[in-house]
């Protein structure tokens with residue numbers, strides 16, 4: 001039966017959750033995500049109490065203790081020309097420079113945890129923001145149709161016509177030097193809101209289109225027609241009949257959008273137009289590691305792996321949700 | 001007057017980390033030169049040196065091209081270096097290894113003329129028989145036309161370098177009707193060119209040696225020739241150019257060596273430049289002998305590797321460059337000289353040196369004149385136990401206590417400071433170091449990285465209210481004035497303009513007068529002049545309108561077949577002097 | 001037919017106009033974007049700056065500047081760069097296009113072939129470990145940041161293992177034109193093709209598998225089997241062919257984005273001077289003419305490719321053909 | 001009906017699938033036979049296992065969790081153990097099948113003709129042109145107007161009736177001895193339904209094919225079939241000659257089904273009698289008679305699974321005849337066949 005979920009308790013949702021709970025890989029993915037979130041939340045504890053380091057403070061001239069002797073963080077080379085300063089490599093001990101140091105003498109392991117906070121914060125917020133905007137746009141366009149739909153759809157056409165990454169990079173470069181000025185408000189260039197907003201904006205059409213399509217289908221569905229003919233006001237139809245029915249599409253999009261956002265954030269930060277120093281994200285750490293890829297590859301490899309793990313987990317979770325909610329695949333990604 | 005450090009200002013983010021340590025002397029300039037050994041070349045291409053190492057194709061690589069090929073317009077190092085063997089000026093800088101502070105030598109002219117009229121008139125005797133690559137001989141008319149073209153084609157240095165030629169100022173404002181008739185007078189019968197200046201200029205020969213004063217055929221169009229190279233007189237000519245892929249140089253068939261120091265004959269038969277490879281990839285490619293030479297510095301993380309694996313294929317080349325943080329003397333807290341001094345005392349230059357590759361390639365700087373520049377005298381006012389009045393011989397360690405005391409006296413602690421830096425790994429790191437230092441001094445400091453291309457002009461514009469701006473400066477030719485006068489005189493601070501090279505907004509008329517006197521004395525007595533410049537440098541640092549950071553050396557990697565005495569100051573490398581080992585005699 | 005064509009054309013022009021105006025306005029709203037000082041050169045005198053400003057028309061009203069730029073871009077095609085004096089923009093884009101085209105095409109060949117193989121095999125072995133392994137591989141492929149993968153690939157093929165027999169053939173990063181040396185072209189691009197295709201292989205194999213699985217439950221698949229067709233023929237001729245409809249439309253969009261410069265991360269990491277990298281460089285040097293030209297280029301491609309996909313769709317799906 | 005061995009002989013066919021660690025029986029011990037040129041009707045509600053029986057015979061169930069027991073003999077050849085490859089020569093050639101929904105049973109991206117050609121060419125070495133000629137002829141035989149053009153049309157371009165005709169044409173393309181028709185008329189409207197049934201009825205004369213007609217509609221069976229098998233919840237409830245079953249159903253379920261046929265003549269009853277409740281899901285199937293919970297006559301004896309016993313001309317899985325409490329002959333007039 002295809003009725004409005006008017007009075008009914010969230011029956012379909014309960015079954016969906018039960019189905020999700022029974023999905024072993026989805027549960028494992030969730031566990032991994034929770035673990036990584038927890039790890040990044042304890043970043044200050046790790047940095048302060050275990051590694052005894054300030055991961056945001058450059059420390060090239062310093063040294064640390066390893067097995068009772070002092071080791072220079074930046075080590076000179078004994079080649080004939082004395083060329084090159086190499087940061088300390090991984091010690092594999094959590095007490096100091098477990099994953100080694102970056103070119104500014106900072107503890108990569110500690111930065112990885114702090115970077116996780118920022119990367120996850122940005123990707124989750126961007127996903128939420130994106131889906132909120134996309135839902136508004138998609139529902140407005142789909143429900144009202146006509147002129148509203150035309151304006152919104154053309155706007156999305158324009159956004160579609162530019163490759164996502166180019167779009168994101170353009171916006172980042174424009175905002176990066178001087179922040180964003182909207183009327184009396186200024187958002188500083190190093191404010192995380194900027195990458196969040198950019199990522200949310202560029203993926204908006206990707207999320208809005210399927211929502212719009214779903215709403216359009218619902219608008220012509222029997223039960224909506226029936227409600228209309230009964231003279232139910234439009235806002236009530238929207239709220240009571242349409243919204244709950246697109247909710248599953250929206251929920252399924254969330255982890256996939258978060259995965260896309262994480263990849264995009266890392267790409268922007270990698271091009272140093274995402275998160276700004278001294279804040280670190282996984283992307284900026286990869287960028288730091290780019291200059292060390294030949295001598296200390298761990299600096300770039302560790303955050304890269306972290307990204308892969310989180311994105312895999314998000315995708316698995318997304319698949320699980322989709323199966324549980326029985327929604328056909330709708331999302332797209334960039335390159 | 002000089003090209004700013006953002007040398008590759010072009011499309012790639014400037015790596016402020018081009019810095020290479022100075023420290024030792026090393027093989028750099030000490031190779032004997034045995035070129036010009038033979039003017040009687042036999043079966044070789046005409047004008048090529050008679051040597052078993054003549055011939056072959058030299059393969060160069062750079063991450064991107066330098067845009068326009070017009071030697072009177074282009075203002076980037078890649079083109080300057082490349083066109084040094086394509087064009088000649090009346091004078092030039094020696095294209096042979098040697099110390100950094102050598103001044104211009106005669107090129108297309110027989111000799112450097114003695115100043116007449118109190119340094120306001122020079123009569124140059126043009127050499128006979130020098131031909132452009134189309135076979136036409138260079139005449140005094142070409143020289144006069146080339147001087148006019150500086151103005152007509154809007155050369156970037158028309159104002160600062162050449163407007164003191166009589167008629168130059170008029171040309172600057174009305175380029176189309178530029179004649180320079182009173183300033184540059186060609187004489188076909190005497191085969192001379194007479195220059196009249198509005199005021200004496202101790203650096204006039206140096207300026208004529210700069211690429212913007214290259215001598216081109218009189219009929220070269222009076223606008224930027226873009227991707228087409230005008231005809232030149234050097235041993236090579238540019239055969240083809242695709243800014244996004246590559247450039248090919250071949251021998252100029254009309255070239256005959258006239259002076260082995262000014263424009264030596266070239267070894268390779270062909271020079272190919274490939275554009276688009278980033279430095280990391282270029283290092284790998286050269287290691288694998290896929291290219292012979294790269295424009296950029298070897299990236300820091302590869303230096304250890306090449307130092308241990310290819311130490312015989314590395315050249316460390318001294319550069320006349322200074323990296324510094326400009327402090328805005330008109331904005332708090334740096335409007336207080338004590339705060340500026342405090343930051344100078346507090347900054348750990350050891351960290352700066354490490355960021356830039358360690359002591360082998362980076363030398364901590366304590367003054368705005370780089371080591372080796374004319375007028376440079378060792379001395380550091382801002383290190384532990386030193387003061388502007390009693391400078392130490394060199395920087396040793398920061399003096400945080402003194403710095404904190406100075407800040408306390410100024411009462412500015414707690415203020416907000418934003419450090420503007422070009423957005424690239426190296427400068428980011430140093431900006432971060434300065435941020436940490438300022439935090440230690442009690443300020444609320446943050447870093448704002450800006451796209452490199454914009455940063456350079458952004459920090460100059462007083463409208464942007466930049467407190468601290470990281471940048472660097474290297475000289476177009478060796479002179480003290482191109483550092484001190486250009487960067488810190490009242491004349492180079494232009495409010496509300498993107499082109500206000502004096503980013504510190506420093507203006508001190510007493511200091512200006514001292515520099516003017518140094519320039520004046522240099523005209524007749526270089527030594528006395530240099531001493532005055534050294535005094536000016538100390539005077540400047542007492543006011544501390546900037547924090548000198550370091551001076552770097554270029555770390556160059558060669559393919560295993562490349563050798564020769566090609567490294568030289570100013571140009572860094574003279575491609576015509578690169579010799580290629582034949583396949584058979586690989587080491 | 002003509003009407004829908006005109007409509008499409010109108011939409012395209014509208015989209016291009018919208019993008020160009022957006023780019024133009026955003027550029028001039030960006031602080032420090034004024035290119036005059038950069039064009040004039042470091043430390044140029046105010047007189048020179050004034051001349052440059054007038055020469056480039058920066059002193060004229062924005063609409064006039066916009067019109068001039070559009071004219072120079074589309075009609076006279078002699079728009080020149082702000083950052084690289086004298087560099088004409090249109091020829092540069094045209095020169096960069098083959099690089100991007102080579103990269104995207106080669107990558108596309110790999111990802112189409114591999115993903116069809118993976119997707120089909122996974123669907124054929126649905127529910128077995130083969131299926132699970134292939135899909136897990138695909139999932140990881142989707143989740144790897146392409147720039148990072150490129151770096152790791154470079155680390156392996158250019159440095160760590162370059163001297164081993166496995167990778168000694170790998171040429172230095174960069175592009176070799178096909179016309180110069182087909183073999184060199186192939187070698188120069190192979191690693192970047194693989195890197196680029198990893199993401200798409202993941203996406204496409206997963207999409208294809210799930211489509212095939214859905215399709216295999218369809219009645220017509222049962223009919224095909226009941227006819228006595230071999231399982232492979234049923235899967236390939238009936239299942240795959242039908243699933244190709246989604247596959248192709250997805251492919252069209254992605255390929256268009258790549259051709260339009262969407263592969264810029266791959267291009268940046270592998271030193272390929274393609275449209276994406278050009279655009280990125282133009283963006284980072286705030287070189288408006290280049291930004292404008294490359295964004296227009298990519299927009300044109302995306303719009304064109306969308307139209308093309310619609311046409312291909314008509315060929316692939318007879319139902320759509322009648323629907324129009 | 002036929003003197004010699006039946007064309008298709010199904011014995012104790014059981015299909016079950018594993019779910020949650022248990023074997024869930026879908027059909028249990030279904031046995032029946034189809035003779036040459038005979039039309040057998042298999043009747044039952046949805047979920048009774050009619051289609052599964054057909055699919056099992058065709059071995060079209062390839063879910064790895066499904067197990068199949070029993071024997072299916074076609075012309076004396078055991079099909080259940082036949083290798084897949086060998087089986088393919090039987091599928092489509094000897095035994096063909098048509099499906100319920102002609103809308104979805106054709107691959108949408110090929111023309112109808114192409115798909116019939118394919119069916120022909122997979123079994124017979126014919127050139128494309130020869131195959132097409134036969135296709136066109138078959139379509140014509142099936143009453144498709146303008147068969148040549150129709151062959152070049154895509155499924156979605158045809159009406160439901162035409163599509164079902166094309167489907168039958170495809171099934172008959174290799175002259176199969178047995179045609180399994182799974183609810184061939186359910187998705188069609190009434191007039192078309194009658195035409196299609198006509199077509200099926202004439203197959204045995206025109207093509208010499210036997211037909212296994214699967215339907216839930218007793219009316220269709222009455223119009224078409226020689227023999228009938230009634231399935232309830234995966235088990236045979238009753239089977240026998242159509243005439244006998246229609247005149248005197250022995251199973252209460254059959255009787256109830258017959259009652260639910262709307263009379264073709266006479267006044268329509270205001271409300272058709274229908275069977276209260278629903279058939280049990282396979283997992284909840286009672287150990288005894290599956291129909292007992294819905295049966296008016298249910299009593300203690302029904303708790304034991306009743307075997308199939310002969311009762312007059314038919315066989316029935318009910319205790320009633322054994323207890324001498326056979327159902328009365330139907331009051332309603334025999335439906336004209």
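Cβ atoms are placed via backbone N, Cα and C, with glycine included.
Since this is a predicted model, take the numbers as computed values, not measurements.
Per TrEMBL, the range carrying the annotation transmembrane segment out of C:134-156, C:157-179 is C:134-156. Range C:108-127 is the one annotated as transmembrane segment, of C:108-127, C:208-227 (source: TrEMBL). Taking residue pairs at least 6 apart in sequence, the transmembrane segment (C:12-30) and the transmembrane segment (C:290-316) share three or more C-beta contacts under 8 angstroms.
Sequence-remote contacts of a segment are chain residues at least 6 beyond its ends whose Cβ falls under 8 Å from one of its Cβ atoms, and for the transmembrane segment (C:134-156) they are 115, 118, 121-122, 167, 173, 191-192, 194-196, 198-199, 201-203, 205-206, 209, 265-266, 268-270. Ranked by Cβ pairs under 8 Å to the transmembrane segment (C:245-270), the stretches C:12-30, C:108-127, C:185-205 are led by C:185-205.
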